[in-house]
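Written below as structure tokens is the structure these notes are about.
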Amino acid sequence: MAPPPVSPATASACARVKLGDLEAGQKGAYFQKQSRRAPKSRVSGPQGAIAEGKEGVLSQYLEDLSDPIRRVKVNDRDKNTGATLLHQAVKMKNNAILDMLLTYGADPNVKDKMGFTPLHYVAKFVRPEKRRVTDKQGRTALHNAATLGDAEVVRLLLSHGANIHAVDKKGLTPLHIAAKEGSLQAVCLLCQEIQKEASTDIPVAVLSRRDKQNKTPLHYAVENNHIEIVRFLLEKGVDPNCSSSTGLTALHLAAMRGGVPMCQLLMDHGAATDVLADGNKTPLFLAATNDRPRIVAFLLDKGAGIEDRDVEGNSPLLGAVDSGSVEVVRLLLDRGADIDSRNNDDRNVLHMAVLSKNEDVLQLLLAVKGSEQLINRKDCDGDTPLHHAARNAFLDIVQILLKRGARASAKNSSEETTLHAACHYNFPNVVREIVKQDARLVNETDIHWNTPLHVAAQGGFSETAAILVEAGAYLEAKNYYEWTPLTVACKNGDFDTVSNLLGAGASVNSVDKMKVGIGHVT
């Protein structure tokens, strides 16, 4: 009786289960018949080229499609056996020719008159001593068949003694791989084999075997959205709250990558919403930070904590703002999330929106009642949202914040204004915008008595320095070391800024604390 068709998973299927492992004594009448037909002393047609391993000759046959007399179609079948060139390449165990045929479009799913495809022969005639041999990744033929998701090949290998418990270098069993690739039939066959060995119900411990990342087959099925396999494993008693080496449960993965039906299925089988992954991240937090509004709503309906914090003190709202999901931010606010929440760095939602450079989220937050109280709040470094916008050259955000009442004169823990912040990184457009808002800031000093002009001179930012001079920056201002901006520019070797400052009238006779004049600066 002919086996069911092999699924068209990939054209390289025949190469996955080792051709070198075929047992000569088990090739059957089909292979013996083909062997008698193959020419031994000279090349005769493409079949002869394959028989003698003449890759170049075979290539000429395959490429010569313009000549109707010599034309060879890669999937033409033998009149007597129904075999294709690919069947013959499998028989000859020639991987180079096999790859060539596949490149030219050979179909690994074509059946011969016995109802077998090339892949069936590869799987059927693996030598007994090779059935448990592994490749460089530690994978057996059964691993590779599971990767293809071809249940019939899995069945053939199992019937020939393949080791169902073999693990590759990553600790993956064939069941892990079948769950990952989404072949429910292959998963069922593997589980049936496990049950045969146990002579009782399938041991849950075997179904929950962990790889080197502590991930179970359930993790892989959820991660790749194979809901029927998830259902099958859960109904077999697999624990939905098993966690990986990073603390991720199946529900964490579903919250990040799945859908509401997957989350519902897991929770119906006991998945907990308050379990913490590494960093104290809940499933709700991961849904919020991965832009999954429907799952966020679902988890909130199921009682997930809207203010639960991760290890950095971020709530789901702060996480959603940071990741830039407008829809999730709106949803969380509508559900009562605290807009005034802060993380361990004392950063609020406006700080996070600015740092993530998301104008849409920022505008949404600024439209919420109470946000006006947040716009000038300082984080652990004393920085306001405007400091961060100025420091990162987010000109559009700087303009938005200034229009909404952000104070350009606010100072951080280093006594730097937002103008200092912009001058540190040479953002002339931001400097112009802040100076336009409040020109008096050009002479404000930081904790070391540096004016913004000192900062620009230190960085060698001549364009920024010119803007400050034009706005009225005091040329003779001295910092803690009694250096003027000209002294700083000279020390920095910035010819353009030195020239501009001298042209603006800066004194060359200033001396510092050590009574060193500009003429002696090196």
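Just so it is clear, glycine is given a Cβ too, placed from its N, Cα and C backbone atoms.
Features as listed in TrEMBL:
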REPEAT    81-113  repeat 'ANK'
REPEAT    137-169  repeat 'ANK'
REPEAT    170-190  repeat 'ANK'
REPEAT    213-245  repeat 'ANK'
REPEAT    246-278  repeat 'ANK'
REPEAT    279-311  repeat 'ANK'
REPEAT    312-344  repeat 'ANK'
REPEAT    381-413  repeat 'ANK'
REPEAT    448-480  repeat 'ANK'
REPEAT    481-513  repeat 'ANK'
Give the one range among 81-113, 213-245, 312-344, 448-480, 481-513 whose Cβ atoms make the most pairs under 8 Å with those of the repeat 'ANK' (170-190). 213-245
Across the repeat 'ANK' (213-245), what does the mean pLDDT come to, as a whole number? 97
Under DSSP, the repeat 'ANK' (279-311) has how many residues in helix, strand and coil? 18 helix, 1 strand, 14 coil
Using DSSP, break the repeat 'ANK' (81-113) down into helix, strand and coil residues and give each count. 17 helix, 0 strand, 16 coil
